[in-house]
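**Q** Below are the structure tokens for one structure; questions will follow.
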Amino acid sequence: MGVKAMLPSYELGFYALVVTCAVLYSGSGIFEASRDSMNRKAFRDGIKPGWHYFGRKMDMADFEWVMWFTSFRNIIIFALSGHVLFGKICSMTVPQHRAVMYMTYGLLAVLGSMGLLYLMIILSHCLLLYSVALAKQKWLCYVAGLCCLASFKVEPFGSWQSGFVTGAFDLQDVLFYGGCTFTIVRCMSFALESCEKEEGIYSIFDLLKYNFYLPFFFFGPVMTFDQFHAQVSTRELRRKEDEMKSIRVNALLHVGAIVAVDIFFHFFYILTLPSDLKFVNRLSDWSLAGLAYSNLVYDWVKAAVMFGVINTIARLDHLDPPQPPKCITMLYIFAETHFDRGINDWLCKYVYDHIGENHDNILKELVASITTFAITTLWLGPCQLVYIWSLVNCFGLNFELWVQKFFQLGPFAKLEVR
């Protein structure tokens with residue numbers, strides 16, 4: 001999305017040296033602040049006993065990380081291990097029907113974790129968007145899909161639908177909205193690809209196989225329907241040379257990242273410290289900058305681990321899923337300011353590239369970027385912070401093109417040739 005360019009290696013090396021020195025210097029201040037505030041009363045809800053052999057307390061302010069890798073760790077491992085096991089058995093015996101097994105296992109997992117009413121809500125949206133796809137009108141697919149997405153992002157419609165799901169556990173809201181919103185995005189991809197099909201339409205069975213692939217169901221990433229359908233329908237399952245070695249290495253890296261984050265939280269309380277403004281006001285400017293930067297990097301690590309684990313499982317299933325997000329420290333153009341590459345690919349294919357075409361026309365680029373970030377705002381949930389984020393990124397994306405066009409004018413083009 002947008003202008004893409006590669007900086008020279010020497011420039012990247014210089015920036016890396018500057019950032020490394022700055023992080024080490026600011027990190028020392030955060031370490032001292034964390035050590036001095038370990039027993040502070042204001043932090044007792046976020047800082048709790050950690051691994052006993054470290055002799056230090058641990059920052060547990062991020063409930064999602066704690067839920068995924070502590071409270072619900074065994075359940076998640078059990079569910080994903082079952083998917084891998086049954087998928088492997090099916091791939092070895094009846095590879096032409098492996099997509100059916102993935103769908104069946106995913107349906108049962110969703111039913112067991114969220115209940116029958118939640119499954120009925122998901123199926124009703126699938127049936128609605130499948131019915132719209134039968135008309136083979138793209139504009140109707142966009143309108144219906146965005147209205148369905150808005151029904152989960154705009155009150156009181158979201159609360160009304162979530163009210164049907166009974167029971168209560170810590171991750172219920174996350175799973176509810178994650179599964180529902182990703183379902184809408186997948187159904188829109190299915191509907192739009194059906195419009196492109198010259199003869200007939202894909203069956204609702206194809207939609208269910210696509211939507212209920214368990215590793216992607218709750219948290220993504222999103223594979224467009226055409227890619228998923230083509231890959232999962234392949235009968236000859238062959239791996240590239242050293243692919244299994246790469247999968248094993250990636251799996252070990254993700255486990256190592258999880259352990260490294262837990263160790264990091266014993267010495268740097270980056271999530272809890274910002275909760276006390278009086279304490280934060282006493283920190284140096286370097287420590288404050290390091291605190292802000294470390295929180296951004298942690299968000300990237302969390303996303304990279306989550307998508308990386310899912311990516312590894314999908315590769316075991318002979319799929320080629322979207323890659324984990326790029327480290328934010330390596331981002332220097334607005335074209336790469338995204339965490340979820342699957343959503344980015346979806347937006348580029350169905351919105352940004354569809355409207356902007358070759359992205360040479362300034363007016364088309366403006367309309368394409370505004371539309372893209374309007375849908376992104378709806379996806380993230382309309383609020384003031386999202387509005388500001390979307391506005392800044394939309395301007396940045398267009399500003400890069402304006403600058404590029406400006407320096408392509410005659411006088412500057414001649415200077416560049418010389």
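Glycine is treated like the rest: Cβ placed from N, Cα and C.
Whatever TrEMBL says is automated annotation, not expert-curated.
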**Q** Write down the single range among 212-230, 326-344, 364-382 that appears in TrEMBL as transmembrane segment.
**A** 212-230
**Q** Examine the ranges 12-31, 172-191 and name the one recorded by TrEMBL as transmembrane segment.
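**A** Comparing 12-31, 172-191 with TrEMBL, transmembrane segment matches 12-31.
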**Q** Of the ranges 65-86, 395-416, which one does TrEMBL flag as transmembrane segment?
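**A** Per TrEMBL, the stretch marked transmembrane segment is 65-86.
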**Q** With Cβ distances under 8 Å as the criterion, find the stretch in 12-31, 106-130, 251-271 that has the most pairs with the transmembrane segment (212-230).
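**A** So the stretch in question is 106-130.
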**Q** Excluding the flanking five residues on each side, which residues at least 6 beyond the ends of the transmembrane segment (291-314) place their CB within less than 8 Å of a CB in that stretch?
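**A** Result: 23, 26-27, 30, 62, 64-65, 68, 80, 83-84, 215-216, 219-221, 247, 250-251, 253-254, 257-258, 261, 268, 270-271, 273-274, 280, 283, 320-325, 327-329, 339-341.
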**Q** What same-chain residues lie close to the transmembrane segment (251-271): Cβ under 8 Å, and 6 or more beyond its ends?
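**A** Non-local partners: 27, 30-31, 33-35, 37-38, 43, 46-47, 50-51, 54, 56-62, 65, 69, 291, 294-295, 298, 301-302, 304-305, 308-309, 312.
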